[in-house]
Structure formats: structure tokens, C-alpha cells
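First up is the structure itself, then whatever we jot down about it.
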Amino acid sequence: METAFDGFWEKHQLKMEQYLQLWKFEQNFQEISKALEFLMTQQRELSDTGENVSQVQQRLSELGNLEQSAQDLTAKAHMAILHGHQMAASHHYALNLICQQCNELRHHSDTLLEEIKRKNNRLQQTLDLLTSLQQALECCDEGVYLLANQPLDKCQSREGAQKALQDIEKFLESSSLHLNIDPQALSSSFHLILTPELKARIQMVQIKLENVRSMFENRQACFRKLADKQARPVQLVAPRPECPARSKSPLFSPKHGVDFNSSLKFSFDISLPGKKTSRKSQNSRKIEVVHNYQEKRNSLQYYITDSEDSLDMLKSHVIHELIQTERVYVEELFTVLMGYRAEMDNPTMAFLLPPLLRSCRDVLFGNMPEIYDFHNNIFLHHLESCLEAPERVGCCFLERREDFQMYEKYCQNKPQSESLWRQYAESLFFQECQKKLEHKLSLDSYLLKPVQRLTKYQLLLKELLKYSTSCEGVQELQEALVAMLDLVKSVNDSMHQISITGYDGDLGELGKVLMQGSFSVWMGHRKGPTKMKDLARFKSMQRHLFLYEKALVFCKKREEHCDSYDKRSSYSFKHFLKMNAVGITENVKGDPRKFEIWYSGREEVYVVQAQTFDLKMAWLNEIRKILFKQQQLIKDEKQVLPLCTDSIQLSPPLSNGKKPRASVSSEENDSERTSPGAMENLASSSQSKPSKPWTGMSHSLEICEGLEEWSSHHYFSTCSDTEDEDGNQLSPGKYKALADCKKRDSDELLVKNGDVIQLMHEDGEGQ
């Protein structure tokens, strides 16, 4: 019985020991299985592709860390499997369970390592593909930069063309590996890893490579032609004989019986004064002159032809540059709109986007979508159609002149956009978008592209105009250049306008801003006998003037320090003058930079001093245009509407303190007398009417002396009347009435608009 008990105990003890081993094995199995499942989950969450190099590199780094953890865990799993095999070899009672768990550990370990290896291969291939594409794009950017910075003027010479050609060939040689990649071959090589995003990236790179290659080919062809033309020697050929006898004679000598006077007669035969020469010497001199003339003429004709060819090539180069840079510009706008603006609607990026920024994207990007649509759908196609017809470039700009006004809206929004950008420049959203686009520069640099492009157009048009002096379409090209310069000026003026503060009303009702600038201003009010010379004793004020179509606005410039980045000017509104009651005096005694602006019949007079004489004349020209336009509108209305009982006032009303009289006087040499301001050129003379006393006139009458010398000025004088204005009288002569006037207390017309009046006498009171 003791033997039986010992046998039972041994079996029981062995079973207990195996049970303890199995418990430990299962516990280890559960821990390893959970760890393998956790790593498998991490592996599944890790993408096997990427949109840019940095993203793929980051995922490869994460996958490397995961692989290291998997290797360590797999080693533990192999130890557990080995222990299970040992247990099975010792005839463990749970043999089937142990084998099953060992197989599970081996399967999960192998699956995890295989998935990690597969993803590592895909990510590595994606990295290779994206690296190749990125290097190709960088080479394209470097190539465009090289072409854009080549001095075109210096390349017109042989040495300059050869040097530029060498630079291009050197660059192409060093970058051939990246510039000559075949996107189609890349697609075939990496077809297993291609995603829709990668296919789009390859297509974009292919388009850019084709554009850059085309730019280099055109530039090389241009420079080679220039270098070959310049390097080709001019072959000196004897002049073509005009007489058969001359061609038979080996020597040009009188002894051969050749009559040079009959065979070579030129109007520029030169004889030396004061010297008598024989007929032989005269003939010799003629022969020398003829040879010299023929050789120079042949050489001149060659160089003229060569110069024309060079100009055609240079013009073609400028047009190619205009079109290629337009394509790059459109591509950059598209990149910004898709890579930043559209990403604000991407749900996967929502957690990175500040909530307030989402509602302000129209402020940040302005009307860039409108600008992109115009250039991509309209203007780029118009420019490309000019590739074979360079004379159409000017018309292309002129036809779309109104569309370019959208840039004014974009530039007016730019200060708000910059302020918003500074608030969110460090946002993770913008950083992530920049990484995806692989941009070296941040978003604010690309938001400046429309402003830079606007100024680039006029530079390219200037270059094109320089090489198109005698070609078709020069007039349109000149007008296009003027239009783009006016647009830049208009945009600049509008940028100042949005900084006006304190104006109670809508500035848009005043019309378009024509000019703006800072001036020194003296202001005086004309009351009673006060002399305008007293203005000289007043202190000048610094005012910033805005000239609108309907008003002249006076502001005070103030510097505002908004933050450490921004120092902005604002303009505090002071007052304005309606242009329909404004007159000007061109010259003011004492300084050629000064001119007068007078208002309401000199009730208010402003002496304005510009910084330069040219600036003064520019303002006077613009004011003249406004006044001429106003007068023309009044005349057009008078031709349509019937005559009214009240005459139309063409000049500022006179002071109530004195009787109506003309606001101009005859022009004299005296610098303190006001010269006449005329309204229009007379095509024919009207019939004169008898003179009547002027005391009955109820409205002012603007007249001009010198019917035969009628000029085209309005509301302005050439000299300031600062001392003896009240003493000026009209000289006897012919004048033209510019308004209808009637007798006092009567509806009878005394003078009609357009009547020619013979002035006999004027007393001190203007009667």
C-alpha cells in the first residue's frame, strides 16, 4: 500500500509541477500576445505613404522605433515558444494547448515583422520618389532664378551672349540628373506605391519640367544666334562693277583707258579746297571714295540686318519670359489656394486650425480666387496667343485693362491680411500646410505675389517696348505701358485713401482718387478789403491732399505705431473743397513750386507748395482735366435742356461785398496781375452785340480777352494776384460770354452764352 501511495504521489507531484509550468507559460503567453496586439495596432495606424519628404521621413522614423520594439518582443516570443517546446518534449499533459499557443505566438510575431518590413519598403520607395521630385522642383526653381537674373542688356554683345550661354550650359550639365528625369518612367518604376496624390504630384512636376526646359531651349537658341551673328566676320568684297570695261581691267588706272568720270558718278565726290589737282589725282580720289562708300554700305547693311535680327530675338525672349512667368504665377496662386485656403475645409486639419481664423479666411486671402480665375482662365490664354503674334501683346493688356482693377481691391485688403497673418503666423496649421507643400517660404511671402506681379508687368512692357521701336503694334504697346503705370499709381493712391479717418460720409461718392501727396499749405479767408499778401505772414500747415474727381480733400498725416512690426500712416480728415467751385492760379510770387487754389470766388484761398516743380505741374494738369471735364458736361447739358431763367454758373460765385465783375484780367508782364483763363478754342467768331450797362446782371459772367488767341484753360490763372486784385480792370477788346445773363428784375436776356461782346470801358466798380 505504501508503494501504491508513493506511486500516486509521484504522479500527483508531477502533475502539479506541470500545472505550475503551464500556468506560468500561459501568463507569459498572455503578456506577449497583448504586447504583439498593441504593436500590431500601432503598425496599422501608421500610414505607408506620405505627401512630402519630411512627412515620409517622420513616418520612417516612427516605423523604425516600432520595428525595434517588435524585435525585442519577438525575441521574448521565441523564448516562450522554446519553453513550450521543452514542455511538450517532457510529455506535458496539456500538449495540444501548448502547441497551439506556440503557433499563435509564432504567427503574430511573423505577421508583425512582415507588415513592418512591407511598410518600410513602401515608405522608402515613396521617399525616393518624393526626393527625386523635390530635387527636380528645386532645380526648376534654380533654373528660373538663373534666367530671371541674367542681365538682358549685357547679353546683346558677343561676349555677353557667350557668357550667358556658358552659364546656362554649366547649370544644365550640373543639373542634368534632375532636370532630365522622366516622370513616366518614375510612374512605371513606382507604380506599386502610387496614390492619387502622388500621381498628381508627378503630373505637376512634369508640367513644370516641360516649361523650364522650354525656357532654357528658347534662351539658348536666342543666345546662340546672338553669339553666332556677332562672331561672324564681315567679308569685305570688292564693289560690284557698274561698267563692263571696269571688270575687265585688273588695275584702276587711267592708262588702261577707263573713263572713271563716266562710269562712276556720285554726288558726294569730294575736292580739297585750296588745292589744284590734276585729273588723274581727282580720278584717284574718286576711286578711293567709291571703294570706301561701297565697303561701308555693305557693312552697314549687314549690321542693320543683324541688329534687326537681334531685336527680334530679344523681343521674342521678352515675350517668352512674360508667358513663362505668367504660368509660374498662375501655378503659385493655385498652390496657395489649394494648399492653404482649401485646407481650411479639410476635416483632418480642423484640429490645427484656430476657430477665429476659419471665419477670417476671406480677409487673409482677399480676392485671390478672383485674381486666379482671371489669370488662369482668361489672361494666360490671351498671352499665349501672342506667342506667334508679338504685336498683339499691347492689345492683350488694353482689352483686359478693366479686369486688372481687381488688384486695387486686393491691395486695399493687404494691411488687414498682414495684421491677421501676424496674429496666427506661428499656428500649427500653417506650419503643417507649408510642410505638405514643401515651401521654403511661409504663406505671407506668397500673399505678396499679386502685388509683385502687378509691378512686374510694367517692367516687362518697358523691355518689350525697347525692342519694338519700329514694329507693328508699338502704339498699343505704349498705351498698355501707360495703362499699367496708371494702375500701379491708382493702387498706390487707393492704399493711402483707406487710411483716411474722421470723414463723415462715403469717400466713394467723391469719385476716383486721381492724385495724393503731402504739401505745405497757407490758408486765408477773403473778407472785405483784406489783402491776400497777408497770407505770407501766416505759418504754413503740413497737409496731405487727396484729389478726387469731385472734391479736393485736406488731411493731416499721422504716424501710428501699431506694434513692433508695423508703422503705418493715417490721415485725419480736415475739410474738403468741391471741384465745381474751385479755381487755380498757376504761379505765386516768391516760389515756382507754389500755386493757388481758390474757392467760392476767392472767399477761401489756399496757397499750396509742392516739394518739386514737376510735382506741382502734375497736380495742375490733373486739376485742369477735371475743370475741363466739368465745363464740357455743363455745355452738353445746355445743348440738350432749354434755356432756364437762371443762368448756369461757370465760375465760382463772387463775394457779396462787391458787384459782379470778371474774375480774370488781361495778361501783362507785371507778375502780380492775374492773367486770363480761357475756356475753349473758338472754331468761328460769333456776331457782336452792342454793349449795355453791366449793373443789371444778376449772375457772374466769365469772359476771356483775345478772341483770336482763345486758349483752352479754365478756372486758373498764370500769375497770382496778391496785392492789386481789386484794382485790376479789363482792357477794351472783344470777349466771349460763357453764361446767359439777364437784366435785373426782368426776364429779358441781356447776353447769351457764346455771344461775342465788345468792351468799351470799365470803371473802378466793374461796371
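In case you wondered, yes, glycine gets a Cβ from its N, Cα and C as well.
Predicted automatically and left uncurated, TrEMBL annotations should be read as such.
As stated in TrEMBL, the feature coiled coil covers range 102-136 out of the listed 102-136, 557-591, 627-661. Mean pLDDT for the coiled coil (102-136) in this predicted model: 88. In the domain 'PH' (512-628), the DSSP tally of helix, strand and coil residues is 25 helix, 62 strand, 30 coil.
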